[in-house]
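J.: My structure is below; once you've seen it, I'll send some questions.
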Amino acid sequence: MSFKTLVAILCLVPVALAQQPAWAQCGGQGWTGGTTCVAGYSCVAQNSYYSQCLPTGTGTGSGTVTSTSGGSSPSATSTTPLNTAAKAAGKKYFGSATDNPELSDSAYVKILSDSTMFGQITPGNSMKWDATEPSRGTFTFTQGDQIANLTKANGQLLRGHNCVWHNQLPSWVTSGNFNAATLSSIITTHCGTVVGHYKGQIYSWDVVNEPFNDDGTFRQDVFYNTLGQDYISIALNAARAADPNAKLYINDYNIEGTGAKSTAMVNLVKSLKAANVPIDGIGVQAHLIVGQVPSTLEANLRQFTALGVEVAITELDIRMTLPATDALLAQQKKDYQTVIAACRAVSGCIGVTIWDYTDKYSWVPSTFSGQGAALPWDANLNKKPAYDGIVAGFAS
Ligand code: G3I
C-alpha cells in the first residue's frame, strides 16, 4: 500500500467513527465522540448534556435536530397551503397551537406566520390560569399578548385557551379551601378579567376545558367539588359579559366518537341551553392514535351540531409508536384525511387546529414515552405525508 493510499484511508476513519448508531449518544456537554448518525437517523439534543440519534422525522418535545445524515423519509407532495384548502372547503380556518418559547425559532415562526397556511392560532399555555393569574388578583398578560400580537400582525384568528381547567392551576386556587360563594367570585373575576383583556381580539374561547371523566361523570376537581356543575355556567356567564362577541366553547378530549363522554357533553349543552346559559360551541380536541380514528367521528360531530352549536376540532394530533416507519406515516396520512374529511362533511364544523404543527415542539413524546411523530411537519420542519392527507381531506 502506498503512503498516499494509507493517508487517504486514515482520513476516512474519523468520518466512519463519527457515524453514531441508532439511539446512541451523539452530543452533549463534554461529549467527544461522533456527532452525526447512521442513515435514517438524526442527532437530536435532548438537553445540554445529551443528544441522541433518533429516527429522522421523529424528534422530541424539546429536541433540536443538530445533524441529519443519509436516509430519506417520505415527504408531502402537495403545494396547497392548509388554510387555503380549509377555506376552499367552506371552513373558517385551519390553525395551529403555538407556545412562547418557540417564538425565538425564526424558521418555525416563518411557517407559523403564513396566514395561507394557518388562519388561526391557539396559545398552548400562555392564557391558562397559572400563566395569567399566578397569585390572587395579580394578572399577567405578557406571554398571551405576545401571541395575540403575532396573530394580529399576521392577520390570523385567535382562539383563547382556557378559562377554567383542572390542570395548570396555581396552588392558591387548588389549596385555598374556598367556600362556594368565594370560589364563584374567584371564577367570575378570573374569566371576566382574562376574557375582558382580550375583548375584541378573540374568535372563540375554550371557557371550560375538560369537565368530564371518560365515563361521562363530571371530573372531581376543585371547581366541581365546591360548586357542582354550576361552575360551568358561572364561567360562561362571566365570559359572555366580558366579551359578548367571542364564541364560547366547552372543550374536551375523548369525545371524538360517540360514547358515554360524548353523550355527557350533549346532555350538558342541552341543559345549558335550556337554562339560557351562553354556549356557542363544542371543542373536540382529537389527540388521536395512528390507526385508531373513531369510525363514528362524523356522526358524532353531527349530533353535536344538531344541538344548535358550532363544533371545532381544537387540538388535533395523531401519534404513533416510534420509530416512524413508512407504513406508519402512510397510515397517519390516511388518518389525517379521515379526520379532516369528517369536519369538511359537517357544515357546523367550522375549523381545525393542530396542537402545534411540527414534531419539534409536540407535547406527545414528553407525555407518552416512546410515542411521537404526531404532527404534519417533522422535527426538521419538513412536511410529512400527513400534510397531503389534510389537503386531500379538505378536497374530498
Ligand atoms: O412553565 C414551566 C417552566 O417554568 C419549567 O421550567 C418547565 C420544566 O418542565 O415546565 C414549564 O411548565 C410546562 C408547561 O407545559 C409550559 O411549558 C409543564 O411542565 C408542562 O407539563 C406543560 O405541558 C402542557 C400541558 O398542556 C399541561 O397539561 C403542554 O405544553 C400543552 O401543550 C398541553 O396542552 C393541553 C391542552 O391545554 C388541553 N388539552 C390537552 C393538551 C395536551 O396535554
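Cβ atoms are placed via backbone N, Cα and C, with glycine included.
According to TrEMBL:
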ACT_SITE  GLU315  active site, nucleophile
COMPBIAS  63-81  compositional bias 'Low complexity'
DOMAIN    18-54  domain 'CBM1'
DOMAIN    76-393  domain 'GH10'
REGION    61-81  region 'Disordered'
SIGNAL    1-18  signal peptide
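Locate each feature and note its surroundings.
T.: Shown in sequence order, ALA97, THR122, ASN251, TYR253, GLY283, GLN285, ALA286, HIS287, THR353, ILE354, TRP355 are the residues of the chain, 6+ apart in sequence, with a C-beta less than 8 angstroms from the C-beta of GLU315 (active site, nucleophile). DSSP assigns GLU315 (active site, nucleophile) to a strand in the three-state reduction.
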